[in-house]
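What TrEMBL says about this one:
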- 12-39: transmembrane segment (TRANSMEM)
- 84-102: transmembrane segment (TRANSMEM)
- 123-142: transmembrane segment (TRANSMEM)
- 162-182: transmembrane segment (TRANSMEM)
- 203-224: transmembrane segment (TRANSMEM)
- 262-282: transmembrane segment (TRANSMEM)
- 289-313: transmembrane segment (TRANSMEM)
- 333-358: transmembrane segment (TRANSMEM)
Amino acid sequence: MWDYEILKLFWWVAVGLLLIGFVITDGMDMGAAMLMPLVSRSDSERRVVINTLAPHWDGNQVWLVTAIGAVFAVWPVVYGAVFSSFYFAMLTILFSLFFRPLGFDYRSKLESTQWRAWWDRGIVAGSLIPTMFFGLIFGNLLQGIPLEVDQYMRASYTGSYLGLFNPFALLCAALSISMVMLHGGTWLVARADDVIAARSARLVQPLGLLTLGLFGLGGLWVWLSGMGYGIEQMGDTGSALQLLDKQVGPGSWLDVYSKEPLTLLAPASAVVGVLAAMLLAAKRKGGAAFTASSLGTGGVVATAGISMFPFIVPSSRMGEASLTLWDAVSSELTLSIVTVAGVVMVPTIILYTTWCYVKMWRRVTVDHIDSSGHSLY
């Protein structure tokens, strides 16, 4: 098996890929759900949007569950710090997600227009609220959160819930929403009835411009504010380290791009992917547009992760309490065991997810919905 340092790096990459997989798959159905009021004019058209998501929406959340499980096993201190720091934000995400399965399953139980309208609102809220809060959380992590570590190596959060709603975090939340809606729009171009696909293609253009604008504004904000941290001194990264065995000082999240030019591929893929998605959607090449949007979406997430390397949870209150991939990690034995499981399970998830998408890749039309009666959502 690999040595300890390589295992630490491997799991940083693996967790990042799991998060990207979640944003690409679950972001797609959340984005399409948020677009539902904008691209559908009748109950049948709303059912078209919902049934493009029907084969995948619940399975897409496997990526999030797997990522959380990986963080618990690999970075237990991060798991405890993040879930306690963002406790109310996580509860908000959790409770808002409840509206999605309820809305998908119950809206078609009654023919009442008002009944279905309320469940449609629940589906939209259950997609919009988690998307917004995920952006808020990432925005706060980029700035650093008020985290302290005591003599017993217990990490504690000293901030407030309202403190999460700061200007930069709100910018990241807006970027998260626009990016996910863009991604959902390309999905509908590929999978929905021609009329809905045409409306979605028109919306992809302003959403793409908004996503690029917010992404660029975020980068400019990081540059002008000097946002970021740097490790001034740390022990051997190939050995077991204590959380406080380092010195952290001011730095910039943009430094990594001048030190390692290959990392520029992440923001470049974000920009190129979004531009290509806009162009391909305009030409009604749905499958290609969705692929390009996946590249752009993954590029945005990768940019955030690479910029923070090697930090996972930087502390704005106590620099040495920052959690990094080198010192907030489980033992070498634990990483070795989890790696064996991960090498088997993650490719399995990728294979069956790909098979499901390929097998069920077809357009859902209004005629199909109307003729299928109650057999569909």
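Easy rule for this one: first residue shown is 1, then count along the chain.
Placement of Cβ uses the backbone N, Cα and C atoms for every residue, glycine included.
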Does the transmembrane segment (333-358) make contact with the transmembrane segment (162-182) through 3 or more Cβ pairs under 8 Å, each pair 6 or more apart in sequence?
no
If we skip the immediate neighbours and take only residues 6+ beyond the ends of the transmembrane segment (262-282), which ones have a Cβ under 8 Å from one of its Cβ atoms?
182, 185-186, 189, 200-201, 204-205, 208-209, 211-212, 215, 219, 256, 288-290, 292-300, 302-303, 306
